[in-house]
Amino acid sequence: MAQTFFNYINGEWVAARSGEVYASINPANTEEVLGYFQKSDQRDVEVAISVAEQAFKTWSQVAVPARGDVLFKLIYLLEEQREELAAIITKEVGKTYKNSLAEVSITIDAMKQFSGEATRLKGETVPSKNADIFAYTVREPLGVVGVIAPYNFPLGIGIWKIAPAIVAGNTVIFKPASNTSLISVKIIELFEKAGVPNGVVNMVTGPGGVIGSTIGGHPKVKAVSFTGSTDVGLALGRAVSVRGGKMQAEMGGKNASVILEDADLEEAIRNVVISGFFDNGQRCTGTSRLIVPRSISKEVIARLVEAANTLHITDGFDEKADNGPVIDESQLNLYLKHIDLAVAEGAVLECGGKRLTDQGRDKGYFVAPTVFSGVTREMSIFKEEIFAPVIAVIEVDSYEEALDVANDSDFGLSSTIYTKDLEKAMHFVKHIQTGVTHVNIPSNYFENQYPFGGKKASSLGPREQGSTALEFWTEYKTVYIKA
């Protein structure tokens, strides 16, 4: 029998008021239950908020560098438990073990960045127009804040939202994705071992609709940081903003990569495979639209199909695995639905487009990397985020048309152009309507020391990551002094 895990409130592991639990299941083997977790409701969130409100009174008065010391300790804990954490991610999310190890490494890099920010939480001093007045600004914490994390990078995103929030002096209500609750328990254990005081970080598990709406609508929650779907993010943003709270949301994407005639095709295809297929396309910055000149489209499609067909899809612990399963049955069905819809709308299925049940994969949510050609702007596969290993190839007649097609989206998160033409590369960088862009680099590439976020329906509010991360979690106070 799998272990039962609990909410974490005020430094204690406690059961939900409902008395109900739900299971987290291994997507590579749906017969394996990884654990049972608390099915919380509004009452549990209310208790956590009350506790966090009390803890804020003390935590906000701790010196900022001292708060940063927690993250230094967290770095060592992450390094010590690297393999254990990666194994849990692979079991619960389905990604390959090597990619899970990479997630732990990225998380460590983020903590190195944020721990240093604790000594750089600065205001400014500018001259007053009056000679006998000294004026300056300081940045202060907000209070109780909410963190709502997704399943695709459960360790990384969960920690790199919580970390800057608490360094800034806030106290946190953490709501993880229900299908990655086990790794979220480990996140709390890490913060606990790193020395976070009781009540500073609290975790409540359960249905997103209930817990998320309670966090978003609660007047004592001063800010919410969310990563997930655009529909949920915008609804949550309305609930937060209507009561005067701050909202930060990283949401959907339909990211385009453009390959021009002069590109290194071998390198470009390798990068498109990395950004479009790896992690089963379950990356918000992954490539899902590939825009190519008609003159090279046949070669590009042939190379991409060949690469897709050579990927090894199996349990993520297999050393040869390129992909494991998608996260759950809902994501599997969404993948299959969009395959059928694309075919019905006239797109040409070049490869993939099916669930994989042979070679011992019948108990998991394994899917084939998929390539569609003949895709037009009117098709759903051009417009809608699928979050699966599906690449839609769109043919164009010029660079100008490629740029126009790339910008023809409700989303604006990430993009890439592959070319040796510096003039076109720089034109693309200037005119592409995305918050992150690349030249000759996969669309999912990022570094923690730079701001991260999108435009249009991909983001709401200030950026995450980098030196700008603490801006969301603080507010300015202006001070005027006359002796």
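Backbone N, Cα and C define each Cβ position, glycine as well.
Quick look at what TrEMBL annotates:
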ACT_SITE  Glu250  active site
DOMAIN    13-479  domain 'Aldehyde dehydrogenase'
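DSSP assigns the residue listed as 'active site' to a strand in the three-state reduction. For the domain 'Aldehyde dehydrogenase' (13-479), the predicted model reports an average pLDDT of 97. Within the same chain, residues at least 6 positions away in sequence whose Cβ sits under 8 Å from that of Glu250 (active site) are Phe226, Thr227, Gly233, Cys284, Leu413, Phe452, Gly453, Gly454, Ser458, Ser459, Glu464.
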